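Let me begin by presenting the structure, written as structure tokens, before commenting on it.
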Amino acid sequence: MQFSIVKSIEDGLPLKAYAAEPDAGLAVRVPINNKPGSESSNFRLIPPGAPQTMAPFSAAGPSPPARFIDPSVPSPPITSVPPSGAPYQRFPAPPFPSAPQTPPNRAPPVGQPPFQPPTSQVSVPPPSFRPQTQVPPMAMGSPPQNANFPPSRMNVPQPPSDSLLSGPRPNFQPPFPGYPSKQPVVSQAPSSFPTHQGSFMPPPAPPSAFPSQQGSYGPPPPVASNLGYQSRDQMQHPVSAPPIGGVQSLTEDFSSLSVASMPGSMEPGLDYKALPRPLDGDVMPSSFLEMYPMNCDPRYLRLTTSAIPNSQSLVSRWHLPLGAVVCPLAEAPEGEEVPVINFASTGIIRCRRCRTYVNPYVTFTDAGRKWRCNICSLLNDVPGEYFANLDATGRRIDLDQRPELIKGSVEFVAPTEYMVRPPMPPLYFFLIDVSISAVRSGMIEVVAQTIRSCLDELPGFPRTQIGFITFDSTIHFYNMKSSLTQPQMMVVSDLDDIFVPLPDDLLVNLSESRNVVETFLDSLPSMFQDNVNVESAFGPALKAAFMVMSQLGGKLLIFQNSLPSLGVGRLKLRGDDLRSYGTDKEHILRLPEDPFYKQMAADLTKYQIGVNIYAFSDKYTDIASLGTLAKYTGGQVYYYPSFQSVIHGEKLRHELARDLTRETAWEAVMRIRCGKGIRFTSYHGNFMLRSTDLLALPAVDCDKAYAMQLSLEETLLTTQTVYFQVALLYTASCGERRIRVHTAAAPVVTDLGEMYRLADTGAIVSLFCRLAIEKTLTSKLEDARNSLQLRIVKALREYRNLHAVQHRLGARMIYPESLKFLCLYGLALSKSVPLKGGYADAQLDERCAAGFTMMALPVKKLLKLLYPSLIRIDEYLLKPSAQADGFKNIMKRLPLVAESLDSRGLYVYDDGFRFVIWFGRMLSPDIAKNLLGPDFAAELSRVTLTEHDNEMSRRLMKILKNLRESDPSYYQIPYLTRQAKLMIYSSS
Amino acid sequence: MNVEDDEDRELEKLVNFSEWYKRFNDVRVVVKQYFSDSGGGGGKMAWDLIFWVLCFFINIALLASSFYQLLSLSDLEADHLNPFEAATRINSIVLPEFLLQGFFCLSFLLTWHWFMFISTLPITVYHVMLYLNRKHLLDVTEIFRDLNTEKKYRFVKLAVYLLLFTVVLFRLLSASIFFFFAWKFEELDIRTSLFY
């Protein structure tokens, strides 16, 4: 059954705004924008001189925050609560108030009236609280009507609330002194506060209820509380944002039915393991492949739902994105490589009309003399050389020798008609900032060493070309002619009128000039070690590089350590200007400041130059502007804030090496064709559109994915099946022009339920992610999150409407099996760096860099980033002889909830971009000593993890190595953190 | 005899003159009437004509630029033009168009053609707004995403220019009618007969 997960809406989705639009119920929002940090505000003690707003609750005594009301109420009180009070109480229940409302300045937490949390949770005008009770039609809001609910409601929030809410009370205060450091990160837009707060007052809950509740919760279990906090704190990770927050309460509500047997019990007896959590990572939809075994593997093409709606009206009821995520060059496991086919003299077989490539779904007729295109159903002639007889069932007899007719993914060798010029050689050009900050950070040295060590592995030997430009306030060109013994440096200081001092020899063939290049790279760090120039003529240098490369195209790697300050394209420190934050103009900061960057990006794409940006600065460098270059040239942005070669060197080394050595497709264009009646209308990712449906990708590799949305052109589709064909025309590093073709078929359905059944959460989340990030470029972060939530809620409501009647679900919310993680990922997404919180929750640069990265991430990596894995390793480390089997066992992902963390344990948290190694407070000191050496007692944030000469340390390193190898596209540096009294997971 | 002759001659001359002058006087009245009516000087009518001719050409230029931009966008959509070229083409004429349109609008203000001024004002304001927000040029990188809005915007502009064109054409015709007909056939002119 699709709705295996049944949940009571009432308890669950904390339904912030629901009352605002009672009729629609649209406003039900998963409190996705909750911020971990803001929780803490929930637990604030009531200040001694409580503000007047506190009055109604004063009966409750000074210390208990209003929030405890709900969870802590023992069952009798709550059932007795008048209906009007119930909704109010319910609101506080979800432990994770929405983020944006937390005041930025957390430092004096005690002074805050305790009421903020509940209010903040509800980011709707407060009056909505009461209306909620008046929302019977949607049942979501009207709790007390259903007798079954109170118990479950009681029950559900408990585990979290027990530990999370009441627990922290005792030890809440001490941690705060340490807290301020985190504050800026966590703080939120302040403005909404006062208003909410004030308006929150009107709906006064019956005060009488409070004392009792409070009493019941007086002595909370301290350990649990701590755990609760820590797990939450996890969410402060800029990237990870695990779903523990609202979604946890949400997912826990799923199981409300099963737990209902022990209503009112105070034990946190909920088995959190039973709740749906994506612990297997990304599960690719298999039904798709089973239905159409000749489809390409989902790693290349994933549809948000494998059932294509047949009518406009059906599309309008499908509130999730309808589209596809394409990763044309995804790495295939051993033995599943895409077959390369050379038609040679025949020429590539394509449909005359729609230019579709021959694929497994074409049908041969007329005794094999004709074939019918599956996309436009035109009858084409089969060329003489390609002719084969048909057998009795109408299949070609040579089918097993024709991979293009049995496999969904093939690669054709393209003849000369597919070239506008001879295939270009792989070309790497480096633009390196050598100003003082670059020298000081040690970046130049790491870069030079890494490039040198990769020279052998650069793809395309012996045609590979290479070139360098360095710049500070002047631009330095290097003549690397093979006849020279060492490179000649030429300095151009006229920034207004850039010229290239030499026509050739700035870009040389690597195999011919190998010695010169090596000499150059060896001497590069020392050449500038005394440079004291602080300026950066980035724009002119970029133009110079463009001039050098424009003949051939290729890949331009830019290493930038400071804000461009000279010549064209210089940028202002606009990110440091606090005035524009929090206003309607805030989004402008996330867009390139100077049109130069967009223009330059367009020119670079035109000349087949792909840009990768490596940014290192500890100060504001306007990644929004710099990243634009990567965005429109199909590149990516690597951001190492406050780069120190000691700490981040390894990461840079690995990622740069990966960038240089991974298989790259050059001067590529990609197009996705689909059957009649549907059309791809919008494309999302890092690329530039060359025409309405042609993606220009100067350099593309396996780590890039592109998303697209489709729409129906006709009101009614009459076909049974729709076919999609992705074609990527590119130049391989070996100099061959190739076309990679992925074909997939999907059924056309008339039923919305079927669409839900075949939905693919990963692809949906990926599209949502891109849409939301794009939205942050034109509107506020909050709007982006809200629209995301709204769509999820709409979709689930639609699904509920679909089944509510026949299953008499009453007030419950149901989820299709295929989308059981959607809410969780939605929450995680709105806590991800590009979207989370208010302006102060992440550095602008960090936000932009993460945005550029996430716009290109393949589905699997994105999901891992959104729901990182947590692994307990201390037992494995202690085991006397841990062999391979033991290793397999420990690689078990734990749910990201407080209960997963044991203070006696050692955990590794891995989001694909970094590790957090978490030392429990009660972890045996032996382990710490063995792993950290003499530093084990020191402040962990200052300790770097190195291998020590003992078995345990070696094992840990092996674990980390294995984790890294499972996905080599990024390198995770370990951040160490110790369980604090309160939390603080890591302070990276 | 001589004297009389002389006097007669003089008298005759006087009569002739007054006869001749009478005609002249009529014209003066007509001219005076005409000018006092439309509140200008003798050159005004000519200036009026020149002004409307100028407006006519400006308007044609604006129409042409709008049309050209639309054409380029349609070409782009139909893949007959790549985005780089389309953007360069369009962006190169955006500013001249803005300036021309600004001049067009301003000239109406300076010549106290209130109706025309008000009807051109919205576009001018919109142009200024675009320019101040730096949104007047097409963004090559996002050109396809903006294609529909850009087309719509130019369609609207084209329609407005067409409307203006009809008005300008009408004013031009009336100005030229006055200019030519008032002098050559003053007798036929309604106004001349009216003021006799």
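Any Cβ shown, glycine's included, is placed from N, Cα and C.
For A:92-117, the entry in TrEMBL reads compositional bias 'Pro residues'.
According to TrEMBL, the feature compositional bias 'Polar residues' maps to A:184-197.
Helix, strand and coil counts under DSSP for the domain 'Zinc finger Sec23/Sec24-type' (A:348-386) come to 6 helix, 11 strand, 22 coil. For A:348-386, the entry in TrEMBL reads domain 'Zinc finger Sec23/Sec24-type'.
Feature annotation from TrEMBL assigns domain 'Sec23/Sec24 trunk' to A:423-659.
Feature annotation from TrEMBL assigns domain 'Sec23/Sec24 beta-sandwich' to A:665-749.
Across the domain 'Sec23/Sec24 helical' (A:760-863), the DSSP tally of helix, strand and coil residues reads 74 helix, 4 strand, 26 coil. Positions annotated as domain 'Sec23/Sec24 helical' by TrEMBL: A:760-863.
Annotated domain 'Gelsolin-like' per TrEMBL: A:892-959, in sequence order.
According to TrEMBL, the feature region 'Disordered' maps to A:35-219.
Note: the stretches the domain 'Zinc finger Sec23/Sec24-type' (A:348-386) and the domain 'Gelsolin-like' (A:892-959) are not in contact (fewer than 3 CB pairs below 8 A, sequence gap of 6 or more). For the domain 'Sec23/Sec24 beta-sandwich' (A:665-749), DSSP puts the residue distribution at 0 helix, 61 strand, 24 coil. For the domain 'Gelsolin-like' (A:892-959), the DSSP-based tally of helix, strand and coil residues reads 28 helix, 11 strand, 29 coil.
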